[in-house]
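Taken straight from Swiss-Prot:
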SIGNAL    1-25  signal peptide
DOMAIN    28-108  domain 'IGFBP N-terminal'
DISULFID  Cys32-Cys59  disulfide bond
DISULFID  Cys35-Cys61  disulfide bond
DISULFID  Cys43-Cys62  disulfide bond
DISULFID  Cys50-Cys65  disulfide bond
DISULFID  Cys72-Cys85  disulfide bond
DISULFID  Cys79-Cys105  disulfide bond
COMPBIAS  121-131  compositional bias 'Low complexity'
MOD_RES   Ser126  phosphoserine
MOD_RES   Ser129  phosphoserine
MOD_RES   Ser147  phosphoserine
DOMAIN    176-254  domain 'Thyroglobulin type-1'
DISULFID  Cys179-Cys209  disulfide bond
DISULFID  Cys220-Cys231  disulfide bond
DISULFID  Cys233-Cys254  disulfide bond
MOD_RES   Ser245  phosphoserine
Amino acid sequence: MPEVPAVRAWPLLLSLALQLGAAAGAPQPLHCAPCSAERLALCPPVPASCPEATRPAGCGCCPTCALPLGACGVATARCARGLSCRALPGEPRPLHALTRGQGACMPAPSAEATETKDPAAPETTSPESTEMTQEQLLDSFHLMATSSEDLPILWNAINNYESMKALEATDIKKWKEPCQRELYKVLDRLAREQQKAGDRLYKFYLPNCNKNGFYHSKQCETSLEGEPGLCWCVYPWSGKKILGSTAVRGDPKCHQYFNSQN
């Protein structure tokens, strides 16, 4: 099975922010770095044929053309005014669908429908609810995927964390899989750091683990500064950087180190 492309810029997915943030207090949003006047001046003009301009998906600074009715997802352009990016009715894994660009721009629920909801009814919405929208992902918690290449690792991280949160603390201490252990520690530390007043995390490292709990050979830092973070190559069994490899912005071509050893 081919290696899943590693993340270049991925903060924390919504379920992680909710679950880990709750452990240390109210979850704090992760914000993109501010756009400087210099960066905004470099933005190309929106095409004249664009009926509506909107903020970009991700931590970029340049406006894009909003999507009409049709396909959408976490890393696509935002839906036009009055539309909301939602998983299709009956989708068993709505968050998965949105990260794969398999949602749809639909008319947003009317205010009247929202007001007629029984206030006494229990709240049943969860991070995997069918009501999960692109707006909740990108606005409420500032969860930004800067390109379609980030999405496989996003879903990979969701799968890893879903298995983690079902375990007791004593089970976690018994883990032998190095990447899975490190990922849990990193997420726990990030959740605590986000509680500190005035702190703004614009770069950090989120381990890229495979389904067996070891490392993918390509690892990248998360960047919320509108450009890809650095990527490097590691040994899958230890996560240690491969001797002779260099950190680059983009694909470090990790396969070359393993091919040379054959």
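Each residue, glycine too, has its Cβ placed from N, Cα and C.
Cβ packing within 10 Å was compared across the disulfide-bonded residues Cys43, Cys61, Cys79, Cys209, Cys220, and the lowest neighbour count falls to Cys43.
The disulfide-bonded residues listed here (Cys32, Cys61, Cys105, Cys220) include Cys105 as those with a Cα within 10 A of the Cα of Cys85 (disulfide bond). For the domain 'IGFBP N-terminal' (28-108), residue counts in helix, strand and coil come to 11 helix, 18 strand, 52 coil, using DSSP. Note on the disulfide-bonded residues Cys50, Cys59, Cys65, Cys85: the fewest other CB atoms within 10 A surround the CB of Cys50. In the three-state DSSP assignment, the secondary structure recorded for Cys254 (disulfide bond) is coil. In three-state terms derived from DSSP, Cys179 (disulfide bond) belongs to a helical segment. In this structure, Cys35 is the one among the disulfide-bonded residues Cys35, Cys105 with the smallest number of other Cβ atoms inside 10 Å of its Cβ. Of the listed disulfide-bonded residues, namely Cys72, Cys179, Cys254, the sparsest Cβ surroundings within 10 Å are found at Cys254. Taken together, the residues of the domain 'IGFBP N-terminal' (28-108) have an average pLDDT of 78.
Ser245 (phosphoserine): 17 other CB atoms within 10 A of its CB, across all protein chains. Between Cys35 (disulfide bond) and Cys220 (disulfide bond), the C-alpha separation comes to 22 Å. Looking only at the disulfide-bonded residues Cys32, Cys231, the densest Cβ neighbourhood within 10 Å occurs at Cys231.
Cys231 (disulfide bond) and Cys50 (disulfide bond) are 35 Å apart (CA-CA, integer value). In this structure the C-alpha atoms belonging to Cys72 (disulfide bond) and Cys65 (disulfide bond) are separated by 13 Å.
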